[in-house]
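Taking it in order: structure first as structure tokens, then the write-up.
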Amino acid sequence: MNDTLIIAGKKFNSRLFTGTGKFGDHQLMQHALTASGTELATVALKRIDSEDKEEDILSYLQPGSIALLPNTSGVRNAKEAVFAAQLAREALQTNWLKLEIHPDPKYLLPDPVETLKAAEELVKLGFIVLPYIHADPVLCKRLEEVGVAAVMPLGAPIGTNKGLRTKDFLEIIIEQSNVPVIVDAGIGAPSHAAAAMELGADAVLVNTAIAVAANPVAMAQAFKHAVTAGRTGYLAGLGAERNAADASSPLTSFLSEL
Amino acid sequence: MFLEQFDTLCWNSIKESIYTKTAADVRTALQKSKRSLEDFKALISPAALAFLEPMAQLSHKLTQKRFGKTIQLYAPLYLSNECQNICTYCGFSYDNKLKRKTLTPFEIMQEAMYLKEQGFKHILLVTGEASKTVGVDYIRNAIALLKPHFAQVSIEVQPMEQEDYEALIEAGLHAVLVYQETYHKADYKIHHTKGKKSNFSYRLATPDRLGKAGIHKIGLGVLIGLEDWRTDSFFTAMHLNYLEKTYWQTKYSISFPRLRPAEGLIEPKVVMSDRELAQLICAWRIFNEEVELSISTRENEKFRDHIIQLGITSMSAGSKTNPGGYVTEVESLEQFEIDDSRSPAEIVQMVHGKGYKAVWKDWESFV
């Protein structure tokens with residue numbers, strides 16, 4: 001079965017996107033990413049250190065199979081985001097951008113107003129924009145209208161490992177979206193990733209759960225399998241959930257007696 | 001303004017309520033998923049010392065979840081030891097009749113380039129309070145000089161007006177550390193007898209002025225040893241809660257400086273044990289999962305090696321506390337003695353050995 005994900009013309013065989021932060025060691029990160037089978041990894045512009053090659057996270061992300069998705073973590077408004085995007089394009093030689101604007105440094109929740117504003121401008125500047133947003137179906141449509149390549153609604157506050165707390169809204173987003181939906185943030189266990197894929201998400205992005213696991217490489221493999229299992233389950237056509245068995249039809253059986 | 005809230009608080013009754021917390025209160029605090037200020041009291045109470053291991057395990061887990069297996073590194077750069085304040089615990093105190101030194105722009109660059117070679121990208125500028133020689137203009141000039149070379153330039157200097165902070169932010173300032181030293185208003189006077197720093201309320205209102213100026217990060221703390229650390233830490237937690245709600249776009253960090261020996265100065269009134277410092281750090285993390293917790297080279301090697309797994313997210317390394325101390329004038333008057341004198345490279349090795357990544361750079365100027 002051909003089940004390739006396409007975002008802005010680029011094909012992905014893996015529907016597991018990863019982050020690169022929070023790992024105890026660059027080498028370990030590299031091994032975990034390889035084990036995950038990911039083909040897209042996001043990297044914070046603020047962590048890139050072009051002056052120190054040995055320290056630089058990029059030198060561990062060079063091999064061709066993983067594309068880089070620079071993110072704007074740290075910016076607080078649209079103006080800073082546009083500037084950061086241009087720095088990122090220069091530093092990483094890519095038009096791809098995970099747009100994240102969180103003026104709130106405590107819960108790192110995305111600012112919908114600034115994100116929409118920045119997305120519109122960045123699309124005009126030729127960026128392939130993947131915005132990190134709250135699971136807000138209307139915002140997703142508005143972003144789609146200004147030309148983003150995908151949307152990245154959160155499952156729970158970032159780094160909390162709480163799973164799909166926004167499930168009801170994710171379902172609406174997935175139902176309505178004309179661009180790929182990538183569930184980002186809050187996915188803390190392989191079962192959460194599988195659940196997101198079963199809902200019909202096009203991909204998930206996982207960082208904390210892999211990076212801070214006791215064995216990041218094994219956890220990366222577990223996520224790889226979970227995403228595949230969830231996606232296969234979705235494609236195979238899940239049965240509807242039932243609360244109780246319904247053998248009889250008390251309200252309509254009279255119809256056959258008429 | 002926090003001052004209004006502060007004026008309704010009573011030190012003694014808060015102190016009593018901390019000291020009467022029971023083991024049951026501690027258990028309740030540990031079982032919750034979100035902790036209140038009352039829970040924080042339980043976690044810093046004497047009753048919680050018996051729960052140090054479970055507290056440490058929880059703190060370890062919460063810290064990794066939020067911050068990952070990383071420790072940020074920074075270095076202080078002392079620009080001047082001139083000071084018009086008389087403070088009983090500080091080596092820079094005005095009545096300490098020793099030769100003073102303020103770095104020239106050339107010397108600032110000399111020191112800064114040394115730190116840059118060591119690998120530092122985050123730098124903390126420190127001065128005493130001498131508004132004529134080391135005023136807002138001097139500090140703004142230093143920030144402007146250093147900004148092209150460092151990802152974060154922060155300061156720990158005299159409190160200023162909101163518009164001064166706005167000017168410094170414009171020049172590239174990232175964070176301001178301003179410790180209240182103690183929230184015990186009467187005792188504050190005893191430790192700060194002369195100079196602008198003797199104005200308790202002006203200092204207490206400083207984070208409000210910083211918040212209004214739109215600073216990225218504010219560092220809070222008390223000088224442990226001046227007064228009852230439990231009560232002082234609780235006041236700090238109240239202050240943080242107020243600030244987080246009011247200036248919600250600002251990030252916060254907490255430090256735990258314990259009084260260190262310095263030239264001609266007082267002995268601590270209250271001695272805090274290593275176990276108690278570990279308890280306090282864990283209590284902070286369990287109370288506030290997002291706040292940065294920082295430890296300096298005041299603490300000894302062994303303590304620092306172990307405490308990074310208990311909640312700390314940033315540490316200084318290879319520090320000198322005298323202006324010119326790295327290369328320019330190594331023998332000048334220092335603020336206090338450091339304990340952990342290992343080089344930054346050795347600290348990186350140690351951090352790595354603990355399974356953590358030392359992070360030198362975590363900022364980019366976007367504006």
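Even glycines carry a Cβ here, placed using N, Cα and C.
On a predicted model such as this, the values are computed, not experimentally measured, just so you know.
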**Complete:** Among A:GLY147, A:GLY159, A:GLY233, A:GLY237, the candidate listed by TrEMBL alongside A:ALA185, A:GLY186, A:ASN207, A:THR208 for 1-deoxy-D-xylulose 5-phosphate is A:GLY159
**Subset of recorded positions A:LYS98, A:GLY159, A:ALA185, A:GLY186 within reach of chain B (CB-CB under 8 A)** = A:GLY159
**Nearest-integer angstrom distance between the alpha carbons (Cα) of A:LYS98 (active site, schiff-base intermediate with DXP) and A:ALA185 (1-deoxy-D-xylulose 5-phosphate binding site)** = 13
**Prompt:** Given the recorded 1-deoxy-D-xylulose 5-phosphate site (A:GLY159, A:ALA185, A:GLY186, A:ASN207, A:THR208), which additional residues of the same chain have their Cβ within 8 Å of the Cβ centre, ordered by sequence?
**Reply:** A:GLY19, A:ALA156, A:PRO157, A:ILE158, A:THR160, A:ASN161, A:ASP184, A:ILE187, A:GLY188, A:VAL206, A:ALA209
**Fill in**
Among A:GLY159, A:ALA185, A:GLY186, A:ASN207, A:THR208, the record's 1-deoxy-D-xylulose 5-phosphate-binding residues, the widest C-alpha separation in angstrom comes to 9
